[in-house]
Every structure is written in C-alpha cells, then in structure tokens.
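*Asks:* This structure is in structure tokens; I'll ask about it shortly.
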Number of protein chains: 2
Amino acid sequence: MGCAPMGHILYDEVMKYNPKNPYWFNRDRFVLSAGHGCMLQYALLHLAGYDSVKEEDLKTFRQWGSKTPGHPENFETPGVEVTTGPLGQGIANAVGLALAEKNLAARFNKPDCEIVDHYTYVILGDGCQMEGIANEACSLAGHWGLGKLIAFYDDNHISIDGDTEIAFTESVDTRFEGLGWHVIWVKNGNTGYDDIRAAIEEAKAVKDKPTLIKVTTTIGYGSPNKANSYSVHGSALGAKEVDATRKNLGWPYEPFHVPEDVKKHWSRHVPEGAALEAEWNAKFAEYEKKYKEESAELKTLISGELPTGWDKAFPTYTPESAADATRNLSQQCLNALAKVLPGLLGGSADLASSNMTLLKMFGDFQKDTPEERNVRFGVREHGMGAICNGIALHSPGLIPYCATFFVFTDYMRAAIRISALCEAGVIYVMTHDSIGLGEDGPILMLRPADGNETAGAYKVAVLNRKRPSILALSRQKLPQLPGTSIEGVEKGGYIISDNSSGNKPDVILIGTGSELEIAAKAADELRKEGKAVRVVSFVSWELFDEQSDAYKESVLPAAVSARVSIEAGSTFGWEKIVGSKGKAIGIDRFGASAPAGRIYKEFGITAEAVIAAAKAVC
Amino acid sequence: MGCAPMGHILYDEVMKYNPKNPYWFNRDRFVLSAGHGCMLQYALLHLAGYDSVKEEDLKTFRQWGSKTPGHPENFETPGVEVTTGPLGQGIANAVGLALAEKNLAARFNKPDCEIVDHYTYVILGDGCQMEGIANEACSLAGHWGLGKLIAFYDDNHISIDGDTEIAFTESVDTRFEGLGWHVIWVKNGNTGYDDIRAAIEEAKAVKDKPTLIKVTTTIGYGSPNKANSYSVHGSALGAKEVDATRKNLGWPYEPFHVPEDVKKHWSRHVPEGAALEAEWNAKFAEYEKKYKEESAELKTLISGELPTGWDKAFPTYTPESAADATRNLSQQCLNALAKVLPGLLGGSADLASSNMTLLKMFGDFQKDTPEERNVRFGVREHGMGAICNGIALHSPGLIPYCATFFVFTDYMRAAIRISALCEAGVIYVMTHDSIGLGEDGPILMLRPADGNETAGAYKVAVLNRKRPSILALSRQKLPQLPGTSIEGVEKGGYIISDNSSGNKPDVILIGTGSELEIAAKAADELRKEGKAVRVVSFVSWELFDEQSDAYKESVLPAAVSARVSIEAGSTFGWEKIVGSKGKAIGIDRFGASAPAGRIYKEFGITAEAVIAAAKAVC
C-alpha cells in the first residue's frame, strides 16, 4: 500500500496515544480521509495493541457486525477518531480537531503548565483533494494558522476511473501555498522513510501554518502486476497477486501472521502509551491544585457532563413578551448558554448578522486570538458542517453550533448526514426557514414557534450529544404565544390550547414554527363559531415519534380524523400526521421574490385557508 | 457599484449579443455568479435595449411578479443566461457554458467556416470564491483549458459579515495559478477602465487557459459614507445616502432617468446586434449548403427538437433476457441514445466504471480532444451538477447527464435543486441506490426495476427538457420481469401483474426498483395460497401524480386499502400511497457494511416480510 510508510511512521514513531485507553484526552489525533487505506489503519491499531481490532476483526473486513467496516467509523472501532467515508469529510474533520486543540490550548494552558498539546495528522488522497469541501476547510486552516495540523497528501495519481491525468492536473502544491499552508514534497514515498521523518520534523517546526506533505507514492506498491493501476483502488488483489506480492516484497509469512520480532517491536506501545497517559495525569493533578476553576471546566469538556443547573440559564417568555423572530430568540438562548456551557462555540457561514449567532461576551476565534469562541466560517457551508463534526468528536463536552440560511442545508447535507451517522451532537441553527423535508434518519429537526419553544429547542439540542439537531428559525418577528413551553418542546408535539373536553375536539389544528401563530388565529375564529378546537404545536416529528402511545393518543386521538396541518414548506410526509381524511396546507412549488406578507398570501398560508380546510374536514 | 465598470465595458464594448433576440445562438454568454450586482445586470439589459427589462421592471426590483427578482433567473428574464442565486453556482454554470462552446466549436467548425465562436464571461465575488463548488469547477476549467472563459473576480474585500479579513485571507491569485488559469490583476477597478480593457485583450490572447481577472474594487463606490462597508452588500443605500452619492458622483438626474446622450450611446446595440445576427445567419446559410449533415445536427441542438424516431433506438427486453443490474441496462440505453441524440454528453464523478456511464463510441472530452463526449468530472459532484446546468442552458438540444452513487446526491443537492428551479433538463444517473427521500419539487425521480423500465426512464428523462430527472440504478443484477414496459414507466406507476378481477384485488403489492422483484415473488406465493394479488411498479411518484384520477383509480382503487409497499429506503412519505391501513416496508436507519444479500435479510427487505405484511393487512 502506497500510504503504508506514512501511517507506519506515525503510529510507530511519531504519535502519542495509549492503545489501552483510546480516548485519553491529550493523544495525537489521526484521521484517514475517506476510506483511504482503511485496512492500513485497522492493521496499525491491531499492531499497536488496541483491543478494538483483533485478528478476527481483520479477517472479517467489511462483513456484517465486524469492527472493520469498509470505511472506519468512530462509533464502531475505538481508536478511530472520526467517520470519514465520503471523500473530503476527513480532512475537514481534521481541521475541526486541530481547531479544538488550538482553542483549548489557548484557554487552558498556563505558562507553568501546558495541559493541552497534541498534533492532528491526516492522510488524504487525490479524491479528497478534488472535493470542494477539502478546499473550503483547508482555506480556513490556513487562515486560522493551525500549525499543529499536518496533512499527508498521498499523491499516487490514481483514482477509481484511472490515472488522475484525465481529470486532475492542477498543481496541488501551488494551490496549498495560495491557501497559506507550508508545503513539503517527499518524492519517494514508497521507501523514503527518512524523507518522511524529516518532513514531519520540518512540519512541526513551522508553528504558524498547517503543513501539507505531498508524498508521491505508487498505489499497490509491491504488487508486481497491479501496482500503479486503478485495479487496486477499491478491490482486493486476489490470491494469485497476493502471492506474487509476498514474493516480491520478501514476505514469507501466512496471511494475518505477525512475526514475533514485529510483535515485540510494536508491543512497546502499550507501556509507552500508559506512561504517556500517567505523565499527563500527574501533570493534570498538579494543574488541578493550582487552577481549580479551569481544571473543573476542562474536566466537564473531557467528560461531557453538563454543569449542574445549566438549563436554568434559559430566558423565559410570556404572551406579554414582545413579538420577535425566533432567530433573535435563538441568539438570546445562545448567549445565555455560552455563560454556563464552556464547550459551546461556533458561528455562521458569513451570515452571523442574519443568523444572529454571535456570542456577545466573546471575540472571534482567529489565528492570534484562538481562545475566543465565535468562529467565522466564511461562505463555506459544507466545510463548516464537517469542521463542526471534528470539533464535536474532539471532546465530549465540546458543543459546536453552526448556522446558515435553511435553504443552504443543501450545500452541507453530506456533512449533516455524517453528523447523524457518527453521533456528533452538532447544533445546526438554520434561519430564514422555508422548511423543506423533515430530515431522514437520526437527526432532530426542530422548528420552534416563539421564545419558549426556541429555548426548548436548545435544551433538547444540548441534551442530545450523540445526534445532531437542526433548528429552523424565522427571519420575521413572531408573537410569544399562550401555551408554549420548554417541556412541550421536549415531547416534540403538544397541545398549546384546547376548548374541547373528553379528548374529543371537533378538529385539531397542527402548526409548526412561524405557522403555529396562524393555527392559533384560525382556532380563535373557529371557536367563536362554536367549534371545539385543539391547537397542537408540532416542533419535532422525531421527538414526538419517541413518546409513548398513550401520550401520542392524548395529543392526536385516533378517533379524531378531522385534522389540518399548516407549515410553509412541502406537504410531503404530512399525510402521516393528518391522515387520509385530514388536510395538509403547505407549499409544493419553488418560492418567489416578494415581501414576506405577500408571499404568504399568494401561497395560501393563511388563517383563512386553515379555517376553510377545518370546515371541510369536520 | 464596484463591479459596474466590468459589466459596463462588457455590455457596451466587448460582448456580441442581440437585444432583440436574447437567445440568438452565437452570442457571448454573461453570468453574474450569485446575486452579485444583479441590479447592475438588469440596468445593463435595460440600457442595451432588451425588451425584457423595462423601466417599470427596474422600479419593481424584488417585488411579486416582477421581471427583476433578487437573484437573476433565466426563466424569468430573457437575456439572463442562467440562475445563479446560491453562491458558487454561477461560476460553475459558466464553466459548463464554456465547455459547451468548446465542444460544439470542435464538432461543427470547418476550416472554411467557423460557425461556433463565442466567449463566456462571468463576474464572481469573494463569497463565490470561498465556496468549494467554485474551486471544483475552476479546477476542471483549468484542466480542460477553456481559453474562452474569462472570469472577473470582483475583489472588494467585503462579504455579508464584514471585511473578508475575518475568514478569507488566502491568495486567490496563487490558488488560480495552481488551478492552471492565467491570472491578471487590475489594481484599480473603480475607475481603471483602460486597465480592464487591456486585461480583456490579454485574456483573449491566452487561448489555452481560462483567465481570472482579479479586479480590486470598492463596494458601494461613490457612496461617501457607506462605500467599502458590508452595509451596502445586500441593502439599499437609503434616500439620504443616495442623494449624497449622486452629489459625490456628479449625477444630477432623477431616479431611473436615463439621459438622452446615454440613451443615444446605448441605442446602437439594437442595430449592431441585429447586424451580428444577420451576419451569422448568412454564414450559417453558407454552412448549410456545404455541410448538410452537420448543419442539420446543429439545428436540432439550437432548436431542441429531438430527431424523428429517436425513441426507436431503445433496446427492448423480455423475461427471457438475462438478469442484469439497472446500471448496466442504463449503459445500454445511454449508448443507444448517443447514436441518435447529437446533444447527449456527460459522465461521472470518478465512478464511470461503477456508474456504467461511458459512451463507447466516443473518447474523452479533454483539452486536446474537445469534440468527444465522455466528460471526466473527477471527484467533484457539486461542480459536476452545476456544470451540467450550464451545458443544458447553453442550447436547448444539449442533453447533459451526470452520475455518481445515489448517496452522493447529498454532495450536489444544491445543484440539483437549481436544475429544477432553472428548468435545466439534466439527467442524473444515480447508481448503487439505497433510495432516500423522494425529491421535493419539480424533479423527476425514477427508480426502474429492469431493462424495459430503464429504457422507459431514459425516454421520460430525454422528453423532459425543462425539468431534471434522477435515475436511481442498482449495482446488483436484476431479472427482466414479466409485465414491465416503457409505456408503463411513462405513467409513473402501473400494474405489472394481477390475478384479480373487477378492479378488486385482495391486496396490492407496490415495489420500486430492485424491490419490484421481491414484490413479484411475494405475489407468486400469495397467489398459490389463493389470494387475488396485484403488483404495481411505482417507478416515479411525480409522474403518477400527474395522471388522471381515472387512471390512478384503475391502478390503486380507493376501495382496496390492503396495500403493502416495499422499497429499500426510508418509508417517509409512503403513507400517502399505502394509506393508514396499509404497510410500508423500508429501512429507517443507516446502512451497514456487509454483502448485499445479508444486508437485505438483516433489514427485512424480503419476500417473506412482504407476505407477512400482506396477510396482516388483508
């Protein structure tokens, strides 16, 4: 494998880690971007003594239930830092890991006690280099001067369709120089071990820039007939070629056999890792004595335990409180949380002043002010999401949030999907919503209607550290509605008003976000006409689904089929809630350019429409 | 406006176009990436004499029903080439336009008659430069040597969040040199008209590389109090500042007033444009005489009329035909179509051999072989989609297709959404499907089950020139099923087998794609047990929705509530089809790593599951 020397040198000589405690805080982080050389990583973990990858695991590569899926996944295999399947995600995750280190080091290190100090290494290939997300993340890494990020570019000239000459002839070196990186070229990556070692030393010496080490290699190095061809990219060599390769490389052993001298050589990593960790523990004990407050804070970041009483910090609202856009209410929540959650940090993709995501008590995280917590991502939505995944997976107590307009979730969907897959509790603050589809899979989609619901949405988001949350927030002002509550939001859907009795309303009106107000208005009118009307706020489908059947029946009784939903988005999926006899009001076309009030009217997202629909169904 | 000089020089001095026929074939193309200076474009179109933008339209900027929405849209405003709202899409569209020109010029120009010859100009800003999609597309433009692509980078140092210093400090010049572009810097873009003119001349002289002209400007130039600040980015100056700016620039006229001498100056573009078009028409008349075949072909590309009998080219299949993966059947369709559709061109994002998208009769579109029609996009899904949008909008008869694994639609969702919005009939070939959500909005989602259905899907895709199609295709082999047909696919959903009578089956089994076979198997078993079973292939929800009520009732009679659907994807949305008494079989979690058969079994996507569900509902 062309990238073997880099991985080998890193795990065997350069990195600090403890195989018996893969999650020891101050270890160096290692990311294989994409599935790049995933078998290599498993083999290295195995050699180094990680319990997570045994010989059987290597033999069951890509099989059901194994610890060695085709792409390394952090939640499957201890020792794997992040989940990097799709191309370009890994390098962006690595930027997030390096950002986290730089931020924590600046906040917690003391002149007499450096408690945070590790490198982030990443190996990426040609495919990752072609992806736009990689350029976005690397532009930020250069801007932030992430000097402890060291990326190996495995320059093997082969991607799935063959020689990269057919689609990728740019000068990567020059591009990275433009991005503000230090660039080193190792011309013989197959056997040039000393050159690789020297490059790592040089990279470490450059403290104000991330380093790209371009390592020119031969894919399938050692295979006499398949080296340097795309046929070794994602496929096994086959028995015959494996034999030929063994002969060529002078490797006489059985498959999966680790010779005794190799075992002996690698076995030192267990005691060395334990010693490294012990050394750090001792240093931290000293730190704890000297710096009580800081050490307590850092411990919550390492453990992920939320500080006691954190949720008392939320602002509360009554119907008398001023009408406001949920994006503004969101800012009040974020700023309240920043005071009590040391792990909260994040920002927007060049829309901070629109998304309302600035933490007023902090400055910008920048090259020379890395202790600050407002992150300026620029117009790089996809990179932003993947960087936040890296931050979230750096330490359990780090709670990254990121923001853009709701419609631009399309730009970052792959990163959001990976958040869900890799259990990264990123908080996605999506404003100016015109809500599209409910998200698929384990992502919490929350669309609060006012201040109490926005606070509730943040409470849910903070509590869900293993799944991402998307908050869809309004640009326009919304009134504080009677009946809304944090507790209600925690159930996903709940009754905000009802003039019926016996759980038998004539009709149930279901609203979300900015349309809950419309549902409430329609209910007022219908009640004047003598109808028994229930209004349900449906903040999160996913949370509601998780409630007990009894609770669901208490909110949406099966016997009441007269139901109307209203949401200024696609009606796709609403049939499940309103049933075949109900009616879903929404927008099943593209939007238009006009002031908001006019748009709502033109698209029929109005109380009148709800009233008409309610009369039609009951 | 900082970018006014560039736009002004282009429309007034450099570009060839005919305001009375905005769609004349050989005009230069002009793209404003993002909403960058959209008011500028409207003003220029108005001055130049386009009927599409009248004075009233300028006054109703961003209002309901106006021809001047906040982001220029090709389907709203003749003279606007593409729809570029979201950042980075426009520059990628421009790469597609320039690719189309290079391909058509190579195919149709003759030594004695150059019939295709135009430039593609684009203005893009800092925001576009930050987006990964822009880097992807520009890397390809450099690789392809698109010498007639000239991009102006409006380097004004301001984005929505303020000075670009906070997030964007890379050297764009150096990056573009790395991408293989010719780079020119105009230091004074506010008043340096001659420098801009000289830069355009220099760019035209460089024929083997695209050119980036970095034009350093002041945003809001001329406004004494707001120039060079983010407050002029997306907002109006306000009456007071407009007054001050008028004074500062010495502009004494009323709002929207065009002075007579200016009118007179610009009015020459109408006769000039007519003359340019007449000249081209004369040249083409000569070409038609000399090159009958080529001119006939080019005319279909310009008009978008499909050649008579094109749909006779499809391969046909019977149940005796070999089982095959729909991705392979797709390749048979693509290759059959390439023979009869001169506008078909496209490729894959480094997965051609997996997506099976190579046109065997053609070579690769490359810098030195631009007449070929296999496009190698590299691992750049997002750029690929947006480039295809540009190709589709270049000429009505160009039919671009592009391919990747279905799951990576996430990487290119914003481009797919723009395809739908801007009425670009791109064909998305998505293989290895594990179908996610049905797409929202006017996009045709097609999931064929075998050869006839794959052919049907292509027929539908080719016929839909104003909306994109996504074909979800299998990696694994599938049998040719009895009862499938091209005609059936054209209706979206249709009966492939039925042993009931009187439109009253005991149960309806509904399958899509690779799961149609499972539904058919389950039906066989249930029929053995005496049940009257209908099997419906549900290839496209969107097409089925468009059928008459009578047709829909004939396929899914309201009286039959016993329905079971099976699709190896999310069940989200299926309630609409199977109803509250039916059952949707699917996968509502993330996938796993294992051989395909094992996965289907583990996830319960089996005939046994369908049979059990069928018994439960009837």
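Each Cβ is built from the backbone N, Cα and C atoms, and glycine gets one as well.
Keep in mind that TrEMBL annotations are predicted by a computer and have not been checked by a curator.
Summarising the annotation, TrEMBL assigns thiamine diphosphate binding site to B:HIS36, B:GLY85, B:PRO86, B:LEU87, B:GLY127, B:ASN156, B:HIS233, B:PHE408. Feature annotation from TrEMBL assigns Mg(2+) binding site to B:ASP126, B:ASN156, B:ILE158. What TrEMBL records for B:HIS233, B:ARG327, B:SER354, B:HIS432, B:ASP440, B:ARG475 is substrate binding site. TrEMBL lists B:HIS233 with the feature site 'Important for catalytic activity'. The domain 'Transketolase-like pyrimidine-binding' annotation in TrEMBL covers B:324-480. Among the features that TrEMBL reports, active site, proton donor is placed at B:GLU381.
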*Asks:* Please identify which of B:LEU87, B:GLY127, B:ASN156, B:HIS432 has the densest Cβ environment, defined as other Cβ atoms within 10 Å, among these binding-site residues.
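*Replies:* Comparing the binding-site residues B:LEU87, B:GLY127, B:ASN156, B:HIS432, the most crowded Cβ belongs to B:LEU87.
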*Asks:* Determine, using Cα-Cα distances only, which of these recorded positions is closest to B:ARG327 (substrate binding site): B:PRO86, B:LEU87, B:ASN156, B:GLU381.
*Replies:* B:GLU381
*Asks:* Show me the subset of B:ASP126, B:ILE158, B:SER354, B:GLU381, B:ARG475 whose Cα is within 10 Å of B:PHE408 (thiamine diphosphate binding site); these are the recorded positions I mean.
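*Replies:* Near B:PHE408 (thiamine diphosphate binding site) by Cα: B:GLU381.
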*Asks:* For B:ILE158 (Mg(2+) binding site), what residues in its own chain, 6 or more apart in sequence, show a Cβ-Cβ distance under 8 Å?
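*Replies:* Sequence-distant Cβ neighbours: B:ASP126, B:THR164, B:ILE219, B:ASN228, B:SER229, B:TYR230, B:VAL232, B:HIS233.
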*Asks:* Checking B:GLY85, B:LEU87, B:SER354, B:HIS432 - which of these binding-site residues have a CB within less than 8 A of a chain A CB?
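*Replies:* From B:GLY85, B:LEU87, B:SER354, B:HIS432, the ones near chain A are B:LEU87, B:SER354.
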*Asks:* Name the one residue among B:SER354, B:GLU381, B:HIS432, B:ARG475 whose Cα is closest in three-dimensional space to that of B:ASN156 (thiamine diphosphate binding site); these are the recorded positions.
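*Replies:* Nearest candidate: B:GLU381.
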*Asks:* Rounded to the nearest angstrom, how far is the Cα of B:PRO86 (thiamine diphosphate binding site) from the Cα of B:ARG475 (substrate binding site)?
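*Replies:* Checking the Cα atoms of B:ARG475 (substrate binding site) and B:PRO86 (thiamine diphosphate binding site) gives a distance of 33 Å.
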*Asks:* Would you count the other CB atoms within 10 A of the CB of the residue listed as 'active site, proton donor', including those on all shown protein chains?
*Replies:* 34
*Asks:* Name the one residue among B:GLY85, B:PRO86, B:LEU87, B:GLU381 whose Cα is closest in three-dimensional space to that of B:HIS432 (substrate binding site); these are the recorded positions.
*Replies:* B:GLU381
*Asks:* C-alpha of B:GLY127 (thiamine diphosphate binding site) to C-alpha of B:GLU381 (active site, proton donor): distance in Å?
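*Replies:* Checking the Cα atoms of B:GLY127 (thiamine diphosphate binding site) and B:GLU381 (active site, proton donor) gives a distance of 20 Å.
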*Asks:* Quick one: pull the CA-CA distance for B:LEU87 (thiamine diphosphate binding site) versus B:SER354 (substrate binding site), whole Å only.
*Replies:* 31
*Asks:* Using the alpha carbons only, what distance in Å do you get between B:SER354 (substrate binding site) and B:GLY85 (thiamine diphosphate binding site) once rounded?
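*Replies:* About 33 Å separate the Cα atoms of these two residues.
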*Asks:* Round to the nearest Å and give the CA-to-CA distance linking the residue listed as 'active site, proton donor' with B:GLY85 (thiamine diphosphate binding site).
*Replies:* 19
*Asks:* Test of understanding: give the count of other CB atoms lying within 10 angstroms of the CB of B:GLY85 (thiamine diphosphate binding site).
*Replies:* 22
*Asks:* Restricting to the same chain and to sequence separations of six or more, state which residues have a Cβ under 8 Å from that of B:PRO86 (thiamine diphosphate binding site).
*Replies:* B:ALA34, B:ALA414, B:ILE418
*Asks:* Just counting, how many other CB atoms are there within 10 A of the CB of B:ARG475 (substrate binding site)?
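*Replies:* A count of 19.
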*Asks:* Given a 10 Å Cβ-Cβ cut-off, pick out the one of the binding-site residues B:HIS233, B:ARG327 that has the most other Cβ atoms nearby.
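*Replies:* Of the binding-site residues B:HIS233, B:ARG327, the highest Cβ count within 10 Å belongs to B:ARG327.
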